[in-house]
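Scroll down for the structure; my scribbles are underneath it.
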Amino acid sequence: MSKVDVKIGADSISSSDEILVPSRLADVTLAFMEENDAAVPEITPEQEKKLKRKLFLTIFTFVSAINLLLYMDKATLSYDSILGFFEDTGLTQNTYNTVNTLFYVGFAIGQFPGQYLAQKLPLGKFLGGLLATWTILIFLSCTAYNFSGVVALRFFLGLTESVVIPILITTMGMFFDASERAAAQPFFFAACMGSPIPTGFIAYGVLHITNPSISLWKIFTIIIGGLTFIMTVVVILWFPNNPADVKFFSIQERVWIIRRVQASTGSSIEQKVFKKSQFREAMKDYITWLFGLFFLLQQLANNLPYQQNLLFEGMGGVDALGSTLVSVAGAGFAVVCAFIATLMLAKWKNISALTAIFWTLPALVGSIAAAALPWDNKIGILANICMAGQIFGIPFIIALSWASSSASGYTKKLTRSSVSLFAMGIANIISPQIWREKDSPRFLPAWIVQIVLSFSLAPAILLLIHFILKRRNNQRLKNYDENLQNYLDRIQLIESENPSSIEEGKVVTHENNLAVFDLTDLENETFIYPL
């Protein structure tokens, strides 16, 4: 059999026909699996069904609840704006936009250092620390009385929240196989799209308080902060670092989880060493930058949900109480659409790009109608604003999951996520500024930017990514068996603290499991890209 050249990053060692990978560069679950794997039998279909049910009831519920609170916190400023916040702090439409911009300045700045810390530190403990800081900042928001104070708090809130979603997505990747994760992503993000439902009802209740001793927006913020505090305690006590140490699964179940994930993805579960070679590869891989460009363009529309309550009131005939109920109805519609998207992805394979394009269409149509309808058609404009402002979150969800799952190698995954979310942060720095007070009440320039860039050009980029990855898959599938055997023949793990020394290491063979070596998708030509 002719050998295919196996290219591995600089952290590995090539000796004649062998590639030796130091054990410190292997999957962090390796030691756990070496101790327990042999004693655990293969999972039966009935056991796998029970395991999947338990995973969704525990891990999935856990990360979805955190995600819900994250977006409830993000929405506080939007609801505070109709609860007397502007009057107490002296904000105007333009300074409100600046506050939103500064939140995403912090969000963008936090991406690369935050993702680096997420790799180096225990994931669960790091998340607990972020949530504790986030809770403190939410409560401190009640002390803000001017523009400077609001800006400072929102900047640090953006900095703190910047890597929470990547941590949640990484956690999903550790516990669910590739098909489950792809199908569950819209359902997972239904939590964020549905956040206006509980938030809107809380605001609706607060608006009914008569003769309050403190401002209504402060009462609202304290309630949201209290919920976040409870979640912080739960995360610190029970959120897992990885499948090897999750407290509410048996050792046998942990082994099954690791086997399933590694078998379906062909990549490692977690890696605590930051690999410069994988970082460089991620930055050179043009797929990384295509995803970054998608998020830069698509997220120019992301200020629309935060503008909704102000748009509703600016139309006239919709008061503060009415705008909260309209937001709740719009969020309910978005959640239903997210469930439908989940069913689509579960039923049909390799349709990520097409599904994202399909769910961009309501936002495109809604934006065109909101900009074009006569101003006296209040009901029509209101309905189309709701349609435009809620549904475009689904393509974002699909793309964020796809950006991660289409990369292999732990450092490369984190680097690509950082680039994607940094681009999202830049877009959200720009986004509030397209809603200029002088363009009110119709804001036609903002609608045009969203129609052309966010809802037309951005989905076309996902289609381009689909065709590029499909071409790579076709090339790999031609020689799949030969490539797989070649890798298994040549790559071995060496137990050594000194990665530059072969002699002092002990070679350990891991047959038929390339996942433990933490190879990237370009290093491992048996990696098949999800589409």
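From the backbone N, Cα and C atoms, a Cβ is placed for every residue, glycine too.
Swiss-Prot lists 469-498 with the feature coiled coil, giving sequence analysis as the kind of evidence. The average pLDDT the prediction assigns to the coiled coil (469-498) is 68.
Its Cβ placed at the centre, Asn146 (N-linked glycosylation site) has 11 other Cβ atoms within 10 Å. The N-linked glycosylation site annotation in Swiss-Prot covers Asn146, and the record cites sequence analysis as its basis.
Residues annotated as phosphoserine in Swiss-Prot, with a large-scale study or a structure entry given as evidence: Ser500 (among others).
Positions annotated as phosphoserine by Swiss-Prot: Ser501 (among others).
According to Swiss-Prot, the topological domain 'Cytoplasmic' annotation covers 1-54 (among others), on the basis of sequence analysis.
Annotation comment: Swiss-Prot describes 76-97 (among others) as topological domain 'Lumenal'.
Feature annotation from Swiss-Prot assigns topological domain 'Lumenal' to 142-154 (among others); the stated evidence is sequence analysis. The residues of the topological domain 'Lumenal' (142-154), classed with DSSP into helix (H, G, I), strand (E, B) and coil, number 10 helix, 0 strand, 3 coil.
Annotated topological domain 'Cytoplasmic' per Swiss-Prot: 176-186 (among others), in sequence order, evidence recorded as sequence analysis.
What Swiss-Prot records for 208-218 (among others) is topological domain 'Lumenal', and it gives sequence analysis as the kind of evidence. Mapped onto DSSP classes, the topological domain 'Lumenal' (208-218) shows 3 helix, 0 strand, 8 coil.
The topological domain 'Cytoplasmic' feature in Swiss-Prot is assigned to 240-285 (among others); the stated evidence is sequence analysis.
The topological domain 'Lumenal' feature in Swiss-Prot is assigned to 307-324 (among others).
Residues 179, 182-183, 398-399, 401-402, 462, 466, 530-531 of the same chain lie 6+ residues outside the topological domain 'Cytoplasmic' (346-352) yet bring a C-beta within less than 8 angstroms of a C-beta in it. Feature annotation from Swiss-Prot assigns topological domain 'Cytoplasmic' to 346-352 (among others).
Taken from Swiss-Prot, the feature topological domain 'Lumenal' covers 374-378 (among others), and the record attributes it to sequence analysis.
The topological domain 'Cytoplasmic' annotation in Swiss-Prot covers 400-413 (among others).
If you look up Swiss-Prot, you'll see 437-447 (among others) marked as topological domain 'Lumenal', on the strength of sequence analysis.
For 469-531 (among others), the entry in Swiss-Prot reads topological domain 'Cytoplasmic'.
Of the recorded ranges 55-75, 121-141, 379-399, 414-436, the transmembrane segment (155-175) has the largest number of C-beta contacts under 8 angstroms with 121-141.
55-75 is the stretch from 55-75, 353-373, 379-399 with the greatest number of Cβ pairs below 8 Å to the transmembrane segment (219-239). Taking every listed stretch (55-75, 121-141, 187-207, 325-345, 414-436) in turn, the largest tally of C-beta pairs under 8 A with the transmembrane segment (379-399) is reached by 325-345.
Under 8 Å from some Cβ of the transmembrane segment (121-141) lie the Cβ atoms of residues 66, 73, 76, 150, 153, 156-157, 160-161, 163-164, 167, 170-171, 221-222, 224-225, 228-229, 231-232, 235-236, 239-242, 270, all in the same chain and six or more residues away from its ends. Counting residues 6+ beyond its ends, the transmembrane segment (98-118) has Cβ neighbours under 8 Å at 77, 91, 126, 147, 150-151, 154-163, 166-167, 170, 274, 303, 306, 414-415, 417-418, 421-422, 424-426, 428-433 in the same chain. 55-75 is the stretch from 55-75, 286-306, 414-436, 448-468 with the greatest number of Cβ pairs below 8 Å to the transmembrane segment (187-207). Residues of the same chain lying 6 or more positions beyond the ends of the topological domain 'Cytoplasmic' (400-413) and with a Cβ under 8 Å from any Cβ of it are 119, 165, 169-170, 173, 178, 181-182, 185, 265-268, 270-271, 273-275, 278-279, 281-282, 285, 287-288, 291, 295, 352, 420, 462, 465, 469, 518-521, 523-524, 527, 529-530. Counted over residue pairs 6 or more apart, the CB atoms of the transmembrane segment (353-373) and the transmembrane segment (448-468) come under 8 Å in at least three pairs, which marks the two as touching.
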